[in-house]
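For reference, TrEMBL has these:
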{"type": "BINDING", "residues": "E148, H206, E221", "note": "Mn(2+) binding site"}
Amino acid sequence: MIKRTVEISRESFHLGLRHKQLTLKREGDIVHTIPCEEIGMVVVDHPGTTYTHAALRHLAESDAAVVICGENHLPAAILLPLADHSQVVWRLNEQIEASKPLCKRLWQQIIRAKIDAQASILPKHCPGRRKLKALVPEVKSGDASNVEARAAKIYWQFWYPEVEFRRDPDSNGINSLLNYGYAIARAAIARAIVSAGLTPALGLHHRNRSNPFCLADDLIEPFRPMVDERVRELHRQGYESLTQECKGELLKLLSRQTTIVGESGPFMVHLHRMLGSLVRCLRKEQTTLEIPVPCE
């Protein structure tokens, strides 16, 4: 079943629970009800929103993530369900015991997929596309020579030539749209990680004692170009700042059609396929990480 994304941003609601359904109340009256089992993510970006403990508890029990946005309208916190997984301890041991060569090979695959995705969203006759395609096979185990950085320099040069743009996470405008898109994708990946019984703090490449989502930061890399492409489209349509309508459009990325091992389906569904593949890689049952690719 395709899970729904619920956004609370235009007006404040009181979120409650009734008969296993999330209720949205305004001035004491229920104006919306949604079965919790149908929800994959709730994004709250209105400071007047209130919650009951029962609503948050049942959303977690239904495997839904709750994203709380800050004053800058970017996600500030993520409420994830604790893994109700029969093999969570085994998964933890497999992550801890994953060898450096294995992690490096998986990181190689992730970066190759990222650079290939970057090339795919550039025009076919763009010189940057050819340069990026040529860099893909140069990514070796662990990307020791940092081909990712070389690719980024080329990619951002050709990504949106009509405008003067420099990637700066602390800037507004286009950068704020990119930040929001990345944050939503990161939250969806974190949810899939926990659902697979894995620990998000244990990454393949990213390792930071103050970052509880290192694995999500590893796995988001191939999907950044998907966000970039949508942001570019929205900016061309006139969205120059992170408006409520713009955020709604970016949330649709979670239902974007992707393919994985020849099968098409929504991005949010295929994230679970990718995490299942990662588990098999950690258990040495397969060597290639299955990564969803956006449909054209």
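Every residue gets a Cβ built from N, Cα and C, even glycine.
In this view, E221 (Mn(2+) binding site) is surrounded by 19 other Cβ atoms within 10 Å of its Cβ, with every protein chain counted. Counted within 10 Å of its Cβ, the other Cβ atoms near E148 (Mn(2+) binding site) come to 20, all protein chains included. The Mn(2+) site is set by E148, H206, E221; from the centre of their CB atoms, other residues of the chain with a CB within 8 Å are W107, I110, I111, K114, H205, D217, D218. Counting every protein chain shown, the Cβ of H206 (Mn(2+) binding site) has 17 other Cβ atoms within 10 Å.
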